[in-house]
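Down below is the structure, laid out as C-alpha cells.
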Amino acid sequence: MPSDILVVAALGRPFTLGALYDARKDKLYPGFTLWEHEVLEESTVESDQPSSTFEITASDSIDDKSSLMDIEASLKASFLGGLIEVGGSAKYLNDTKKFKNQSRVTLQYKATTSFKQLMTNLETKHVEYSEYFQNIEATHVVIGILYGANAFFVFDSDKVDSSNVQDIQGSMEAVIKKIPSVEISGQGSVQLTSEESDITNSFSCKFHGDFHLPSNPTTFEDAVKTYQQLPQMMGKETAVPMTVWLVPMTNFYSEAPQLMADSSTPILRKVRNTLEAMRQLDMRCNDSLERRHSEAGFHCLKKKLKTFQKHYERLHVNPFRKNHFPETFSPSGKGTKMKLQCLPTFRNKLRSPSNINSLNMWMDCAEREINVLRSCIDIIEEAKHKVVLSKSQMARELDDSEVKHAVCYVFTYVTDYDPFLNALSDFSKSIKPKKYSPSKKDYWYTSDDVPEMMREKAHHFYNLAKDMENRCVRFLVASIVNPKEEGAAIHYYREGIQIINDFSNPRIPPVETIQDQESYSGMTVSSPWKETAHPALHLSEGNKKAMSGKPQPSDNNPKRFDHYQQVLCNKGLSKRHYWEVEWCGYVRAGITYKGIQRKTFASECSLGHTDMSWVFDYYPKSGYHHIYNNKKVRVKVASPGFDRLGVYLDWPAGTLSFYMVTSTWVTHLHTFSIRFNEAVYPAFLIGHGQKNANGQIKLKGE
C-alpha cells in the first residue's frame, strides 16, 4: 500500500487529528474520523515548537503569496479554481492591489506554538468502519498538525504617478522594516522622525490574521502597536492549524480512492499566468475608471470600461469558479486528477475573443482614447466652459434666457458602441460565436491625424473662451456623435439655434460700424475700487455709483488719488469687455495702466495726460473730447448730446472704442488703436475741485 505523506497548508480550514480529506478536491470532511474520540486522545502526542519570524515583501503575485504561506502547487491550483474557501490570515491571498500606479508592501509575522500528531502504530487498530465510507471520497487522513498563527499587515500607498511608484515603494519598505524595532513612548505614541512620519502618513494599512483583535489597524501607527502586541497574544489556546500532515486512506481502508500522480503542473502554470495577467488587466481598468469622468466624452468611456470589465470577469475569471462550471473541476473518473479537466475549457478561452492578448489590445486602445480626450480637455481646462452630459442638459443651457450666443466644443467620435465588446457579448451568449480580435483599424484614435486636429481645435476653443468676458456668451463642451465631423468640431449657436457646424474665427464687425448694442450685451467689468477713490468721491449702490462732493477724512493709502478726483475699477482687463457709464457734470471715462501716479498735481497723475491712459470726457462748457498723451480732440455731437457712454475694449485686437448710447442703439464716437503691454483698468475722473465743477457717474454692464 502506498504510504506517502502529504503536507498541505491549513489556510484557515478547521483541521483536526483523524479528520478525513479528499486531496483530489482539497476538500475537508469535518466531523468524520476513523477512530473514536477516546482513541484519538490516547494516541495523540504533543510537543512544543515555539518560533516566530517576520518577512517583508513588495510583491503582490499569487506565487509569492503562496510561498509566504507554504502553499504547494496542487493546493494552489484548487485555490485558483475556487475549490476551497480560505479563512483567517489566508484571506490575504484574495487581497490584491486595485491600481497599477500604487505601491504595496506587506509585512508578515509568523509564529508557531506546538505540534500534535497521532501515533504511527494506529493503522487499522480501533478503526470504526461504517457505511458512510462508501459515500465519502476521502483519500487521506490527518495525522499531524502544526499550530500557530499568521499575521499580514498590507500597506498601500495612494494612487500616484507611474514614475513615482518604485521610489515610494522603496521608501515604504525602508520604514516598514523598522516596525519590529520602533519605539513607543510612555504616552503610547510611535516615535518617528519627521521624514518617516511624512512617508507613513501617505499610506494605509489592512490586516489579515489569525489573531482576534479589538479593532484592526488602519494606519502605520496602529500597525506598529498591534505588531508589538502579537507575541503576548500568542498561546496554545489561541493557536490555529497552520500546516497539516496526511497519510493515504488506503493505509486503513483498502477500498478508499487513491491520489494518482499530479500531472496538472502545465495547466496550473497556464491558469496562474492567465489569472495574473487578468489581475494586471483589472488594475489597468480600475486606473482608467478612477480618472475624472465628469468631462464630456468620458462618461461614454466609463460605460464601455464597465461593460468590458463585466465581460472579462464573466468569461475569464468566473469559468474557474465551480459555481459556474462545475464539470471543469469534477473528477473524470475514480482515482484521476480532476484538475486536468479544465484544460479543454481553458484552451477554448485562449481561442475566444476573451483571450488575454485580445483583452490587452482592447485595453491599449481604450487607454489611447482616454489619453487623446484627456489631452484635449487639458488644453481647454482653464477656459470658463461648462460640461454638457446629455441632450436635455444641452437644451437647458441653450434655452437660458440670458444666453444669446453659445460656442460648443464637440467630441464627434466618442460613442459607447464597440465591435469588440459586442463580440465578447456574442461569445458569452452564442453556441457557435464568431471569431473576432480587435483591430487598430476599428479605432480612430490610433491614427495621428485625427487626434492632432482635435487638439488644434481645442486650442482654438480655448483662445475664444479665454478672451471673452460676456455673460450672454456661454462656452460648452459636449459629446455628440457625428461621423461626418472628424474627431471634434466647434458648433456655434445663436439664441438656441445652431448656426455654424464648424466655427473657426468669430466675425467681429469693425468697431466703427457697430450700431446694435446687443453686439456687446453681457460683457462685464468690476465696480470702482474704493481704496483708490479720491476723498471727495462718494461711492454708493455697491460702489457702482460715484459722485463728487465734500472731501471726507481718509487714510494715506498709496493706491488712493490725493489730488485729482479720480477712481479705478478693481480688476485689470486683458480680454474683450464692454461697459456703459451714465454721466453728468464734469466727467472723464476710459482706461489706464495700474502704474499711473496717484500723489501729485503733475500732469502724469491726470487721466489722458500721459501715454498710460486713454479717455473720453465731457465738460458742459466745452463739450465732448477724446484725450491721450495730453492731446485733446473735440468730438462733435448733435444737440442735446447724450448722458450714456459706451466703452468697448478689445485688448487682443488693441482697440478702445467709445459710443453714444441711446436705447439699444450705439453711435461710434472714436476708437484708439493701442499696442497693450499689460492689463488695463477702467478709470474715471469725476468733478474738478479747483474749477468748482461737480460730476457723477453710474456704472452699467455689471
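Note that Cβ sites are derived from N, Cα and C of the backbone, with glycine treated the same way.
The feature region 'Structural MACPF/CDC pore-forming domain' is assigned by Swiss-Prot to 2-264, with similarity to another entry given as support.
Within 10 Å of the C-beta of Asn94 (N-linked glycosylation site) there are 10 other C-beta atoms, taking all protein chains into account. Annotated N-linked glycosylation site per Swiss-Prot: Asn94 (among others), in sequence order.
Residues or ranges marked as N-linked glycosylation site in Swiss-Prot: Asn101 (among others).
Look at Swiss-Prot and you will find 265-387 tagged as region 'Structural FAT domain', backed by similarity to another entry.
Annotation comment: Swiss-Prot describes Asn286 (among others) as N-linked glycosylation site. Contacts of Asn286 (N-linked glycosylation site) defined by a Cβ separation under 8 A and a same-chain sequence distance of 6+ are given as Lys98, Phe99, in order along the sequence.
Per Swiss-Prot, region 'Thioredoxin (THX) domain' is recorded for 388-515.
Marked as domain 'B30.2/SPRY' by Swiss-Prot: 504-702. Mean per-residue pLDDT, taken over the domain 'B30.2/SPRY' (504-702), amounts to 86.
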Students should find that the Cα atoms of Asn94 (N-linked glycosylation site) and Asn101 (N-linked glycosylation site) sit apart, in Å rounded to an integer, by 19
May I ask you to report the DSSP-based helix, strand or coil state of Asn101 (N-linked glycosylation site)?
coil
